[in-house]
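As recorded in TrEMBL, the features of this protein are as follows:
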- 1-22: signal peptide (SIGNAL)
- 24-69: domain 'Leucine-rich repeat-containing N-terminal plant-type' (DOMAIN)
- 222-248: transmembrane segment (TRANSMEM)
Amino acid sequence: MMSVPSAAAVAALLLPLLMAVADPSDESCLLNLRNSLEDPANSLRKWTNSTLASPCNGFTSYLVGVTCNNGRIYKLSLPARSLGGSISPFLSNCTNLQTLDLSSNSLTGPIPAELSSLLNLAILNLSSNHLSGQIPPQLSFCAYLNVIDLHSNELSGPIPDQFGLLVRLSVFDVSYNRLEGPIPVLLSNRTGLPRFNASSFVGNKELYGYPLPPMKGRGLSVLAIVGIGLGSGMISLVLSFTAVCIWLRITEQNSASAGGVMNDDDGKISHAMPDY
């Protein structure tokens with residue numbers, strides 16, 4: 001009589017097969033990223049259609065830069081690979097991703113706002129590229145972010161105020177970009193102490209506020225405004241003084257003329273009066 005296999009035995013047989021089937025979201029994520037990148041050093045030569053169809057084998061992956069956990073991609077790390085091109089917005093399909101490191105490459109274009117769909121993301125390092133455009137405020141939806149490193153790019157516009165609400169954020173670096181405007185208060189200060197020091201913000205000519213030192217240009221502008229006010233006051237004072245002097249001069253001349261007439265009349269009257 002044939003024995004019926006237990007549920008545990010069936011699960012043990014099926015588990016490798018289930019793990020061999022790629023998550024379609026992860027496959028789409030990597031395939032679109034590969035198509036958006038330029039790879040002159042051929043670092044991604046193993047990222048072929050067949051390998052991308054099954055990027056994870058349980059906890060391992062044969063793809064360079066890819067780390068898996070229970071059959072899903074949870075880490076994508078490709079620093080210093082001489083990669084060009086742009087960041088695919090379809091990276092948002094890697095919904096289990098916790099680490100994204102594309103630093104020290106030659107990537108261009110914007111940071112996709114779609115990365116905000118990576119709700120498990122804890123580390124975002126896109127530093128030392130040629131990324132441009134504004135920093136998407138939607139990244140604040142990634143509430144588990146511990147690290148945001150965007151230094152040495154060509155990013156412009158303001159630092160999103162919403163980043164101050166990322167309470168887990170322990171590393172934040174946007175230095176050496178083209179950012180402008182005030183540093184959000186919640187990033188520069190927490191309970192009276194600096195949350196991030198000046199090194200996180202230096203190298204942005206139009207960025208200002210604590211913990212950066214006062215901008216010389218803005219100090220000169222204030223002095224110029226004060227100088228203009230004082231100058232205007234002095235001009236008004238000089239004009240007022242000149243007007244008073246002219247008025248006094250005219251009054252003096254009028255008084256002198258009136259006095260001369262009275263003297264002449266007195267002389268005529270005295271000559272007309274008889275002697276007693």
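The backbone N, Cα and C atoms fix where each Cβ goes, glycine too.
Note: the domain 'Leucine-rich repeat-containing N-terminal plant-type' (24-69) comprises 17 helix, 8 strand, 21 coil (DSSP; helix = H, G, I, strand = E, B). Mean pLDDT across the domain 'Leucine-rich repeat-containing N-terminal plant-type' (24-69) comes to 95 in this model.
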